[in-house]
Structure formats: C-alpha cells, structure tokens
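Student: Got a structure for you, questions after.
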Amino acid sequence: MIKNDTIAAIATPPGEGSIAIVRVSGPEAIQITDKIFSGPVPSFASHTAHLGTASHHGRQIDQVLLLIMRAPRSFTGEDVVELQCHGGYFSCSQILEALVSEGARPALPGEFSQRAFLNGKIDLIQAEAIQNLIAADNLDAFHIAQNHFQGHFSQRVQKISSLIIESLAFIEVLADFPEEEQPDMEVPEKRLNEALVIIEDLISSFDEGQRLAQGTSIVLAGHPNAGKSSLLNALTNRNRAIVTDIPGTTRDILEESWTLQGKRIRLIDSAGQRETDNPVEQEGIERAISAMKQAEGILWVMDATQPPPPLPEILFQKPSLLLWNKSDLASPPRIDTSLPQLAISAKTGDGILELKQFIQKWIQKQQLGKNSKVFLVSARHHTILQQIRTYLLSAKEGLLSQLPPELVALELRQALQTTGNLSGSEINETILGEIFSRFCIGK
C-alpha cells in the first residue's frame, strides 16, 4: 500500500437513504476536495462543518455538507474530509468519480482503519473490533466488539507485556551482570504469575464469548406430538418446521436463529422422547438428548390433553421451563415440582407473550454483569494467548529449576514478541532501559 497518497471511498452502504457519505483521507485530502467544493476548503478550521455544492467541470453534482478534520486529530491521523450528500447511488458515486479524477485513489477495503492503525490511532485489536461492530447481528456480539474497541482488551494485553518486560529485566541482570548483587528472584516469579492469571482469565472467556456472539441455545424437547415444532414456528413467526398429527414427525435437529429484544437465540427443535424400534427415529432421539446436554436452557413441551409424563433428570440440571401446550383444548394439570410451569397454545398464541417475557428474563439473569467483562471471540486471539501461556509457563519452570538465565530470558522474549502479535505493535528492545530504571548498575 502507498502510505503517502490520498484515498477516497463511499462510507455508507449502497441503496436508498436520506444521506450518503464520501470520505477522503491523506496529505492531499483538503486540496483535492477544494477542487470540487464551492467554498475555500484550505481556509476551513479543523472540526468544522460547511454547507456548499459539489461540482466538477462546471457541472453541479449535489448540495453537500463538508466536514473537515485536520491531522492528527482525525480517525486515520491524516487530513480527513467527509462530504455528506443526498442518499442513493448517483450523487455519491459522481462525487467519488470527481475526487478520483482530481488525484485521489479509490480506497481498498478497510484501508481507512488500516491507516488509523499504521498511524497509531488504534491498535490491531481495535481495528479488528471495528469489523466486528459492523458485523454484529445481536446485542451481545455488539457489546463484546464495543468493549474491544474501547480498549479494554488492549489494556489487558499491555498489562501482560509490562509484567513480562519487568520479569525479563530482572533476568537480564543475572545474565549480563553476574558479578553484581543479584535481585530477589521472587519478583520475576510473582510478575509471571500475575501475567498468567490475566491470560488464563482471557483464555477461559473464549467459549463464553463464542456463545454470547453466536446466541443462547435453547432446546425444545418433550414427548412426541406435544407441539414442539408448532411452538418453534409460533416463536419465530415462520413455518420453519413440518407440523403433522403423526407422532415422530421430527427426527433430526432443526435449528432456527431468533432475535428477542436484541438478544440472539438459537432455538433447537428436537425429536420427541419415547421408546421406539425405528432406528432412524432412535438416532433422532439420541441427538435430542445430546442437544439438551449441550444447551443452556430447555423448554420441555407437554400436551395439556394428556396425563403428566415423567420428567427427565436433565431438566433439574440446567435452566428449564415446563410448557403445557394445547391449553386451548384442555386445562393443563399441575406437576408437583420446583420447575416453573406455563400454559400456552402454539395454535392460538395464548401464553406466547408470557413465554417470550420469561425467556428474556431468563437470558438477562444468565448474563447479569457480563457486558463489562472482556470476552474473547477471535480464534486468532485465543491461539496467540495460548502460545504466550506456553512460553511463560516454560519460563516459570526454568526459574524454579534454576536454569541458566539466558534460557529463561529466551522464553520471555518469545512471549513478549508473541504478545506484540495481538496488538500489532513492533517489539522494541526496552529491556536495558528497564534495568537502568530499576537498578543502580554501576554501584
């Protein structure tokens, strides 16, 4: 990529809309924009807005609002100009064509964020978070990406780096100045333990982060012909599952994504639980049992017109709700159990609103206090942190085994370099500065 040229691109999605935005960034952003704007752009103060017209070769394109942000006080760290025009395809595309003809280059995908990273406005973790913010399809995924973009994950990585550097400084004293008074070796071990605690906390958050981003899994289970598939269709407002009066119609796992008040839920319809000699149906039943074990919640659907069936033990091992379906045909019986119960009718919609409210409170309770926690969702981050952990554990073992300090320092340097892969920073030699700041070497 040419780092000193000026780029331009349409920043809003294509299609009809009230406003479209064309963004320009680079050393010539102001001069190039001045060639198509009606006002004196070079004289505009930073962070000001100006109403005017965009024209090219004597032809007016559109009335626009120009926003100017001078370097380094911009997203990319360069001079940035944004032109807000009427929405739709033609206005913004003609403005972009005019800018390109006057010297701007069409930006590559993600190039504005890449320049922000290269100019030190954001680190690599934050750059990745921008894409996750845009792609988020539920509130949990959005909150996780927002947390990363705000720098909370980066702060953890910086803390890990600082602890590694501090440990390495002590080890370098042993290697480079063996004749001097040796420092307390409990200090580097303590720093490594602190770093490992942070790393373990981040690594352990990966599965939970994946679950939050992908959605809470809830299984619809119960005996055959109780109305599980009808309930799936009623909740999602789609005819997704085949519904018949024949028991055992559902023989495989059917998953449907559903959004409830911004929360993504993976509804899983499963085969009815009963004794059967049919090998295909039996396979479906076993898959249903496996799905219940892996799910975060179970909706156990029962037929209100039938006697209460026995409840499987798994319902008492995770959040579960007993649903008496077909309440429009009969008054549901009550089971003497600690599990909550609700009467519904998937056919008429009775009780569906109450069920949605119950599920919403269910999820809110499970996720209480999690919005402020740092979760991993990237396999790249997860893999790198595992590598760092391996290096630090090896270094710690070397300390305890009193291996030569050069070998311990090698593991720590590997860990430090790998940590830089998270933030995208270049690893500089700062160990000598750390040593001089902590010890009077010549004394």
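Every residue gets a Cβ built from N, Cα and C, even glycine.
These figures come from a predicted structure and were not determined experimentally.
Sharing the feature lines straight out of Swiss-Prot:
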- ARG23, GLU82, LYS121, LYS443: (6S)-5-formyl-5,6,7,8-tetrahydrofolate binding site (BINDING)
- 215-364: domain 'TrmE-type G' (DOMAIN)
- ASN225, THR244, ILE246, THR249: K(+) binding site (BINDING)
- 225-230, 244-250, 269-272: GTP binding site (BINDING)
- SER229, THR250: Mg(2+) binding site (BINDING)
Student: For LYS228 (GTP binding site), what is the secondary structure by DSSP, using just helix, strand and coil?
Tutor: helix
Student: Which value does the mean pLDDT take for the domain 'TrmE-type G' (215-364) in this predicted structure?
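Tutor: Here the predicted model's pLDDT, averaged over the domain 'TrmE-type G' (215-364), is 81.
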Student: Within 10 angstroms of the C-beta of GLU82 ((6S)-5-formyl-5,6,7,8-tetrahydrofolate binding site), what count of other C-beta atoms is obtained when all protein chains are considered?
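Tutor: 21, counting other Cβ atoms within 10 Å of GLU82 ((6S)-5-formyl-5,6,7,8-tetrahydrofolate binding site).
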Student: Would you count the other CB atoms within 10 A of the CB of ASN225 (K(+) binding site), including those on all shown protein chains?
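Tutor: Counting Cβ neighbours of ASN225 (K(+) binding site) within 10 Å gives 23.
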Student: If you count other CB atoms within 10 A of each CB, which of ARG23, LYS121, LYS228 wins among these binding-site residues?
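Tutor: Its Cβ has the most other Cβ atoms within 10 Å: LYS228.
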Student: Using DSSP, what's the helix, strand and coil tally for the domain 'TrmE-type G' (215-364)?
Tutor: 42 helix, 37 strand, 71 coil
Student: What does the structure give for the C-alpha distance between LYS121 ((6S)-5-formyl-5,6,7,8-tetrahydrofolate binding site) and SER229 (Mg(2+) binding site)? Integer Å is fine.
Tutor: 51
Student: Calculate the distance in Å between the alpha carbons (Cα) of ASN225 (K(+) binding site) and ARG23 ((6S)-5-formyl-5,6,7,8-tetrahydrofolate binding site), and round it to a whole number.
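Tutor: Cα to Cα, ASN225 (K(+) binding site) and ARG23 ((6S)-5-formyl-5,6,7,8-tetrahydrofolate binding site) are separated by 58 Å.
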Student: Counting across all protein chains shown, how many other Cβ atoms sit within 10 Å of the Cβ of SER229 (Mg(2+) binding site)?
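Tutor: Total other Cβ atoms inside 10 Å, all chains included: 24.
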Student: With every protein chain in view, what's the tally of Cβ atoms within 10 Å of the Cβ of ALA271 (GTP binding site), excluding that atom itself?
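Tutor: For ALA271 (GTP binding site), the count of other Cβ atoms within 10 Å is 27.
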Student: What's the CA to CA span in angstrom from ARG23 ((6S)-5-formyl-5,6,7,8-tetrahydrofolate binding site) over to ALA271 (GTP binding site)?
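Tutor: With the alpha carbons as reference points, the distance is 53 Å.
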